[in-house]
Amino acid sequence: MLDITVGRKFLLAFQTLGIVFGDVGTSPLYTFSVMFSKAPVNGNEDVLGALSLVLYTLILVPLIKYVLIVLWANDDGEGGTFALYSLICRHAKVSLLPNQLPSDARISSFRLKVPSAELERSLKIKERLETSLTLKKLLLMLVLAGTSMVIADGVVTPAMSVMSAVGGLKVGVSGIKQDEVVMISVAFLVILFSVQKYGTSKVGIVVGPTLFVWFCSLAGIGIYNLLKYDTHVLRAFNPIHIYYFFKRNSTKAWYSLGGCLLCVTGSEAMFADLCYFSVRSVQLTFVFVVLPCLLLGYLGQAAYLMENHDDTTQAFFSSVPSGAFWPVLLISNIAALIASRTMTTATFSCIKQSTALGCFPRLKIVHTSRKFMGQIYIPVMNWFLLFFSLVLVCKISSIYEIGNAYGIAELGVMMMTTILVTLVMLLIWQINIIIVLSFACIFLGLELTFFSSVLWSVGDGSWIILLFAIVIFLIMYIWNYGSKLKYETEVKQKMSMDLLRQLGPNLGTVRAPGIGLLYNELAKGIPAIFGHFLTTLPAVHSMIIFVCIKYVPVPVVPQSERFLFRRVCPKSFHIFRCVARYGYKDVRKENHQTFEQLLIESIEKFIRREAQERSLESDGDDGDSDSEEEHSFSRVLIAPNGSVYSLGVPLLTEFRDASKSSAQASTSEEVKPESSSSPTLSDAEQSLEKELSFIRKAKESGVVYLLGHGDIRARKDSWFIKKLVINYFYAFLRKNCRRGIANLSVPHSHLIQVGMTYMV
């Protein structure tokens, strides 16, 4: 058993190297080359200054900021900008996304029980965020901007890594031209994105040992060059050499900051790919394996350049000993492909999170592992990233210009992460304000300094990736804006409860045996599309269930907490509401038969629970439980690690075994049962069995899915920009995204669709 445990630990360590650290591990291929293209070496002091910049950038950004601080801001193991946004949304009502209920728990007041200055400050910030629409919009725009930069990173990382590795051929093969390097890079990129579908765990077993060999090669070459050329480069640990570097080179040194930034590319991928591994495993691997090897690699390159000032064009490959050149070239190309794959994987995770939270059009998501639900592959996005990576390589074809684009994408997401983590510190961690200000000032100031350098070179090719990020941002914002308008319109146009009561139990039509599952986004009220079904269809089912698939800002919702039920109308109408809740990390694995079975079992439990509570309240016959009033409380889920999740769905009964009287009491408060006045026990049992028998017969008659296809159009009196956004851009995205039928796994033979257009 001990051997198995140790073996699994080694396997996990190898996979961590291959999946999380591929990007930052290949940065020595191009960092010095890009730096010295902007500030040429005029003496050994320039080499020491550039090396000192790289060393302290490595220590400050990936080590202190990400490994020691940002990784702890994860959302129950999920990283990335949307995970941070989800974390903030659970602690404050700042979400502008559709289908969010107003009774989300105010978690900050629950987390700390002892009054403190930090708690008071947190509550003030929380109140300001919740009451300011401008701040809510600004927060969402920051998140969308950071996410668009992550996706842009997924384009530029493969281009930069592969071009740098293949460029080593210029050192080993005389006379090779840049066009030939570009063609080889194109072939490698096609291979890279073609194997993406095989999943992280399958490929991770192979790439982990490969990256381990790569890091060992970096360390070995570094030690060799240190001993052979100049050990005095160790003086670069004295930061005074940074001052000398800027004093000697002035503006050129400032330009070179864009190249220096490349040594920390992949830091954000460490956070975004956190869903695959624990925080501790990532921290230990970086501190004891990755960082020492990187430091030795850069020290070795600098030692070589101290005596070879003219070899800065290919600083890494020129410093490789001649006898080891070809093996190192081979392993570097494999490592570059792995690094590219690291960022692509992070991009997939980010898109899945944003889709679940309503900020990205629905796409087909393939889960590549049965054991780990976070390992995904998005076919459309995979080929989309490949196409733009090829465009970038063929259009620019210079690692110096691609490096500028790389810097813009990397810095954009880094700055967004700094701002969001600062907010997490203030709102959730509630730590001392001096520590918060120190974190924000140091890292945001450092990143703004780097950003000013790369922006100066935006005309050298960076504009392509900047334009790409803007397009992605607009797609996400338009999708969120259109979805929000659609939901708000559905809420305004929902059917009146009084009108439904006037129609009577038959709903003004024929009630045919069977169950009708009407999918809609409303968590309360009667959707307007139901009125269209009543007027369009010759008959409706004897039992109607409004099914709302709702994504809540938590990573995972336990299966026992999945379904929430309530009655929509008086008992004789046989109309219920079901809210099926999923976290943004959840995988909807059940097919329609399994879903139907779970649904029926849950509704039977609901009816039994309701019958048990009839003796506790007397509210008159055929009361209506789907009240529009908001209760002052909401359900809260406490995870095993102590995290408090708001499941904020008012007036909904949640099914659990009532093992505790407190649980029974809370349930009796949530559901307003329907009962006759003081029924006898036998009458209650007969009523219960009668309703359960009715449900079973309806199930035997068959289940039909009623799907309303709702579109929105801007009114004629709307302003021009709104018409353009809604009628053309949003309509185009809806037309080309994954359809609701495929997304819900609804069989066509059991499906009825009705279209409806909302004017907004």
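Here the Cβ of each residue, glycine as well, is placed from N, Cα and C on the backbone.
Marked as domain 'K+ potassium transporter integral membrane' by TrEMBL: 12-499.
According to TrEMBL, the domain 'K+ potassium transporter C-terminal' annotation covers 513-758.
Summarising the annotation, TrEMBL assigns region 'Disordered' to 661-684.
For 50-73 (among others), the entry in TrEMBL reads transmembrane segment.
Residues or ranges marked as transmembrane segment in TrEMBL: 138-161 (among others).
What TrEMBL lists as transmembrane segment is 205-227 (among others).
According to TrEMBL, the feature transmembrane segment maps to 253-272 (among others).
What TrEMBL records for 284-304 (among others) is transmembrane segment.
The transmembrane segment feature in TrEMBL is assigned to 324-343 (among others).
Residues or ranges marked as transmembrane segment by TrEMBL: 380-400 (among others).
TrEMBL lists 406-428 (among others) with the feature transmembrane segment. Sequence-distant neighbours of the transmembrane segment (406-428) (same chain, 6+ residues past either end, Cβ-Cβ under 8 Å): 61, 65, 69-70, 73, 81, 84-85, 87-88, 91-92, 108, 111, 121-122, 125-126, 129, 139, 142-143, 145-150, 152-153, 155-157, 160, 258, 261-262, 264-265, 267-268, 271, 435-436, 439-440, 443-444, 447-448, 450-451, 453-455, 458, 462, 465-466, 469.
Under the heading transmembrane segment, TrEMBL lists 435-456 (among others). Long-range Cβ contacts of the transmembrane segment (435-456) within its own chain (Cβ-Cβ under 8 Å, at least 6 residues beyond either end) map to 60-61, 65, 69, 254-258, 260-261, 404, 407-408, 411, 414-415, 418-419, 421-422, 425-426, 462.
Away from its own ends, the transmembrane segment (462-479) comes close to residues 141, 144-145, 147-149, 151-152, 155-156, 354, 358-361, 388, 391-392, 395-396, 401, 404-409, 412, 454-455, 725, 729-730, 733 of its chain (Cβ-Cβ under 8 Å, at least six residues beyond either end). Under the heading transmembrane segment, TrEMBL lists 462-479 (among others).
Averaged across the domain 'K+ potassium transporter C-terminal' (513-758), pLDDT for the predicted model comes to 72.
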